[in-house]
């Protein structure tokens, strides 16, 4: 992806810029070094790819919020023990740990044996996008089945009614979500760290943290918009149309994946082998 040539003017010394005895500019806030301009270009090149990751965190934030609410109106019993609704999210964390182990010990060696090289950071991130789409679709299917159980018992009007459907089904989309995170988050850190110039390498993990923060804030905004614009999310979970929101997220994540593919196709690695 070529950068606009006008950015080079920031390093152009004009007649009004005083030069010190050592050759440096006495007013550095007016003139940048060539290295500073190149560093800024590196950030601009990667921003489209970075922005494509934000909606992944938006969808995950929505999924976390509503999966816990779903668990409250589902059967959380495992033997004689009742699983706290908030603990359902640990399924995602466990999936991340297990997926990282499988990737490191099984999948990556198989990939190297088949192709002769490691997957690129962009390939890992893209795989994470695809798995996140599957996670949203799985959430929609499970919620549809839960609501079918509610309607079969005629309990749409009772917000406290607990479905006999096991809440352990909610672990499936969380497992997919965790597998997706195990691919795209490390892939992003690798991409930023290897593509950024030396002066900006320490910001690689910070870029991922910004994605998570923005995504979770925007997930709250998205929920608010959906509540105002549609009847899908009433206070009564047993009368909701939450599956519609999950299908909407699946479609939006798929569209976002198309945007990511376009950005990845236009991107040219600076420091990572193609």
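Every residue, even glycine, has its Cβ placed from backbone N, Cα and C.
Listed ranges 15-36, 81-102; the one TrEMBL annotates as transmembrane segment is 81-102. Between the listed ranges 176-198, 245-267, TrEMBL ties the annotation transmembrane segment to 245-267.
Long-range neighbours of the transmembrane segment (245-267) within the same chain, counting only residues 6 or more positions beyond its ends whose Cβ lies under 8 Å from a Cβ of the stretch, are 1, 45-46, 48-49, 52-53, 55-56, 59, 62-63, 66, 122, 125-126, 129-130, 132-133, 136-137, 139-140, 143, 226, 232-233. Scored on C-beta pairs under 8 angstroms, the neighbour of the transmembrane segment (122-142) with the top count among 49-69, 81-102, 204-225 is 49-69. If one looks beyond the transmembrane segment (204-225) by at least 6 residues along the same chain, the residues whose Cβ comes under 8 Å of a Cβ in the stretch are 50, 53-62, 65, 185, 188-189, 192-193, 196, 233.
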